[in-house]
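Asks: Dropping the structure in here first, questions after.
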């Protein structure tokens with residue numbers, strides 16, 4: 001049986017951490033792609049030399065040509081630039097939209113059968129653009145946001161209650177940004193919903209509101225502390241969790257930026273919702289019941305994402321049309 005192949009587009013902090021985690025978990029052989037000559041090759045060599053120490057047998061390589069990702073089973077995209085001081089939203093969109101065009105065309109040509117996870121920001125708009133430029137099926141292209149945001153929410157709740165993070169379940173709906181919607185009503189500690197824990201005196205609504213706001217500001221908090229960078233360990237771990245669910249057909253229920261067309265009253269959009277990820281990619285959209293307040297917050301988040309997508313269409317009108325459906329490569333015998 002042929003080993004799986006994982007292609008990482010972008011050799012920065014997240015890309016390098018993704019490669020290490022893929023190696024440690026032995027999910028498959030890894031190729032790191034980056035336009036900077038020597039960078040992906042150097043990181044791949046360093047990580048390959050880590051194998052004998054850590055005890056993994058993953059083959060790692062670097063590439064500066066999209067041919068290197070040929071036949072990949074999973075592609076994780078981190079390429080692009082972060083938002084810098086003085087940079088407008090449209091500036092960031094313009095730069096990363098061009099990157100998504102190049103990446104999407106590369107995936108369509110060399111890895112049309114892949115399951116694609118996008119991590120590039122602004123996430124919800126970039127995963128939409130990547131799907132448009134690649135022409136891959138909607139169920140095979142997803143954005144990593146909710147797993148990370150939910151992980152942050154779970155950590156803050158576990159710290160508040162003094163319990164293990166393993167006993168805390170929580171998820172976040174909506175876009176990856178200020179308008180994300182953490183849902184206390186659907187979040188639990190050992191099966192006990194957060195509103196009940198408030199009634200039991202474990203915390204207060206005011207403290208819970210602060211935790212929710214801290215979750216929304218999770219990325220900015222890390223940027224403020226680092227000063228010269230942004231989060232990369234947790235984003236990489238989140239991306240690997242999604243890739244592993246696909247490669248091992250785990251049927252994991254994970255919050256992701258997925259394509260919805262009618263669910264939640266939203267049409268033709270990528271936005272954060274709980275989904276089932278298995279060998280078929282996104283196999284099901286989990287449509288939970290939202291009360292009036294939750295629905296209002298969710299639609300506010302959807303509208304914020306729509307604003308980003310509309311801005312992308314103005315910057316590059318061709319993205320609205322999208323690419324022709326990617327031609328699937330012949331299956332290996």
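Glycine is no exception: its Cβ is also placed from the backbone N, Cα and C atoms.
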Asks: Where Swiss-Prot shows 10, 11, 12, 13, 14, 15, 96, 119, 120, 121 binding NAD(+), which of 29, 34, 90 is named for the same site?
Replies: 34
Asks: Which chain-mates of residue 34 (NAD(+) binding site) that are at least 6 residues away have a CB under 8 A from its CB, listed by sequence?
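Replies: Counting only residues 6 or more apart in sequence, the Cβ neighbours of residue 34 (NAD(+) binding site) under 8 Å are 10, 11, 12, 15, 40, 62, 64, 79.
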Asks: In sequence order, which residues at least six apart in the same chain have a CB under 8 Å from the CB of residue 14 (NAD(+) binding site)?
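Replies: Non-local contacts for residue 14 (NAD(+) binding site): 78, 119, 232, 235, 236, 239.
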Asks: To the nearest Å, how far is the Cα of residue 83 (substrate binding site) from the Cα of residue 176 (active site, proton acceptor)?
Replies: 14
Asks: Out of 83, 152, 176, which of the recorded positions is least crowded by other Cβ atoms within 10 Å?
Replies: 83
Asks: Express the distance between the Cα positions of residue 152 (substrate binding site) and residue 176 (active site, proton acceptor) as a whole number of Å.
Replies: 13
Asks: Any same-chain residues 6+ apart from residue 121 (NAD(+) binding site) with CB under 8 Å of its CB? Would you list them in sequence order, or say none?
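Replies: Expected: 80, 82, 83, 92, 96, 176.
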Asks: What is the biggest Cα to Cα gap, in Å, among 10, 11, 12, 13, 14, 15, 34, 96, 119, 120, 121, the residues listed as binding NAD(+)?
Replies: 17
